[in-house]
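Structure record follows, encoded as structure tokens.
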Amino acid sequence: MEEFGISPGQLVAVFWDKSSPEEALKKLVARLQELTGSEGQVFMENVTQLLQSSHKESSFDVILSGVVPGSTSLHSAEVLAEMARILRPGGCLFLKEPVETAEVNNDKMKTASKLCSALTLSGLVEIKELQREALSPEEVQSVQEHLGYHSDSLRSVRVTGKKPNFEVGSSSQLKLPNKKSSSVKPVVDPAAAKLWTLSANDMEDDSVDLIDSDELLDPEDLKRPDPASLKAPSCGEGKKRKACKNCTCGLAEELEREQSKAQSSQPKSACGNCYLGDAFRCANCPYLGMPAFKPGEQVLLSNSNLQDA
């Protein structure tokens, strides 16, 4: 028990599973209760119920899992992450698990290195392998019965990890050194400053060539362009004039004006019954002979209809 570093007043959690011998579990818990004393507490739970228990964050000082003699517990990534969550900052986790030493492809058994990597990914630090030994005959039988795994290259590994002295997501103010502003002005090279200085006397010097901005433009550049020349070459080409989607040459507005002008020139019904059909139309109705249409529907009349009307 000394390797667990348990002291009086601590809260210790012991996780077991169906492979843990009952008598060995009772003996372990009794010894832990002696170490924690009356001010401490030893909590026991089946590891398969850990994810459903909803323990409070940072609840235990020490967590022991799979350390019951004869136990062959396996720990998933979710279980390890939950153990790290309920462990207090600075608390320690001790677990024992059978691992595979041969190079085999399986998802059931982890190697010792993969087990340490899983502990690191769960948020623990200072991961150490404390012990590696061969499985006892009882543990080999337990692996075959409870895990359904057969291998001669299994070893029992005991590892430990520590939770950092801060919670995940916590923030801390950084103490940055105060940079004192210097009152001493930087030294300026006189030769360099002279290169960037242009006095009034230099402006009157005949050797200084100044460019007149007006001379940069030709007379052709100052002429206003013809609006027709600004239209895109392909805009409105063909028999049917059609403006581009993002027309900027004015063709869209021109077509809209032509359309509104054509609509205003169309004759309007005086009686309001033209859309019902010939039975309801006047003798001089321009829509005679045309089928009925919906109210408000646009109907274009040919020149012959207009002349007959």
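Positions of Cβ are set from backbone N, Cα and C atoms, glycine also.
Ser269 is the residue among Ser53, Ser229, Ser269 that Swiss-Prot describes as phosphoserine. Between the listed ranges 15-18, 43-46, 271-274, Swiss-Prot ties the annotation motif 'Cx2C motif 1' to 271-274. Segment annotation: Swiss-Prot labels motif 'Cx2C motif 2' over residues 282-285 (candidates 62-65, 282-285, 290-293). For Ser213 (phosphoserine), the count of additional Cβ atoms within 10 Å of its Cβ stands at 7 [all protein chains shown]. Taking all protein chains in view, 13 other C-beta atoms sit within 10 angstroms of the C-beta of Cys244 ([2Fe-2S] cluster binding site). Look at the Cβ of each of the modified residues Ser183, Ser302 and count the other Cβ atoms within 10 Å; the largest number goes with Ser302. Here Ser183 (phosphoserine) is positioned 94 angstrom away from Cys271 ([4Fe-4S] cluster binding site), judged by their C-alpha atoms.
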